[in-house]
Amino acid sequence: MSRYFAKSSKWLALDLLRLMQSRSSRKRPAEKRAAAEKEEAAMVNGLPTPPCGLLTADAARSLVDSVDAFLFDCDGVIWKGDKLIEGVPETMELLRKMGKKLVFVTNNSRKSRRQYSKKFRSLGLEVTEEEIFTSSFAAAMFLKLNNFPPEKKVYVVGEDGILEELKLAGFECFGGPEDGKKNIKLEADFYFEHDKSVGAVVVGLDQYFNYYKMQYARICISENPGCLFIATNRDPTGHMTSAQEWPGAGTMVAAVSCSVQKEPIVVGKPSTFLMDFLLKSFSLETSRMCMVGDRLDTDILFGQSTGCKTLLVLSGCTSLPELQDASNNIYPDLYTNSVYDLVELLQK
Ligand SMILES: [Mg+2]
């Protein structure tokens, strides 16, 4: 009995298939090579190419030619915590020299625009308050635009940035870091008092988040008639320090949202609210802007929904495998490692 008949029919079929494939490859080596090359070209990092373009020298040139303004996210794009990302000063210098308008749009509500301008200066970057759009500023502007009654107060689950922007806009507010020191004890018959004149609760990133604030926010939203529930943003994580990622404002928003069984009004990215303000400040067309960010579900979505071109940088919280993952359905126009690639590619 030949060795083939000694095998199961399954193995016999496989052997025949291999034989046919080897014959066919001998017959059509050029075709096979072309197919293999095509298959290889369709892979990045061992995974299928994302349906968006890698920033090449040609793509970089065509991008800068087609836009008048670059909108930069900050965490993970300009800096990580208090550490500047390599090549940022050179990139900003080159783009400014090319006559491009630079705008910084951040969801991080911990600082006000004045405080961010100070941070930029401390990192050796000259950026004015007018070039900075934060979600803390967006929260204050949302209340102003919606004629929030001056006799009402705002309760803040967040940090100084929100309190400062609200005060600058003329609103009375409280909470913030101060309430981070307050504790409660869940004892029998304990009744939690709250201010009935609170007409809005603003929730943002809060390193002093605690059970006291959760209850204050919950009770105002649930019991004060018409009380607004505003979220600066819903980022699940962020590079709050250069060493690692931390829970983002979205985690605090989720806690309050769960306790009131209500969805908030989101004023930061990907909401288009900030863009309305930006357009009032600068006479620019969104089609002539490029949003540069490290998050798909905030930066890139914000850029897309406002009609900007979009560039994802992999220097922050999105990795290439995450961009390529089958569960992802948000794709930028272009992607690259970091903003400094623009400088390197434009010099080629
Ligand atoms: Mg970011």
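The backbone N, Cα and C atoms fix where each Cβ goes, glycine too.
Listed in TrEMBL for this protein:
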BINDING   D73, D75, D294  Mg(2+) binding site
ACT_SITE  D73  active site, nucleophile
ACT_SITE  D75  active site, proton donor
BINDING   K269  substrate binding site
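Annotated features, which come from TrEMBL, shown on the structure.
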| residue | record | DSSP (3 states) |
| --- | --- | --- |
| D73 | Mg(2+) binding site | coil |
| K269 | substrate binding site | coil |
| D294 | Mg(2+) binding site | coil |
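Annotated Mg(2+) site D73, D75, D294; additional same-chain residues within 8 Å of its Cβ mean position, judged by their own Cβ, are C74, G76, V77, I78, T106, G238, H239, G293, R295, D299, V313, G316, C317.
When the binding-site residues D73, D75, K269, D294 are checked against ligand 1, D73, D75, D294 have a Cβ within less than 6 Å of one of its atoms. Cα to Cα, K269 (substrate binding site) and D73 (Mg(2+) binding site) are separated by 10 Å.
The 10 Å shell around the Cβ of D73 (Mg(2+) binding site) contains 25 further Cβ atoms across the protein chains shown. Comparing the binding-site residues D75, K269, D294 by how many other C-beta atoms lie within 10 angstroms of each C-beta, the top residue is K269.
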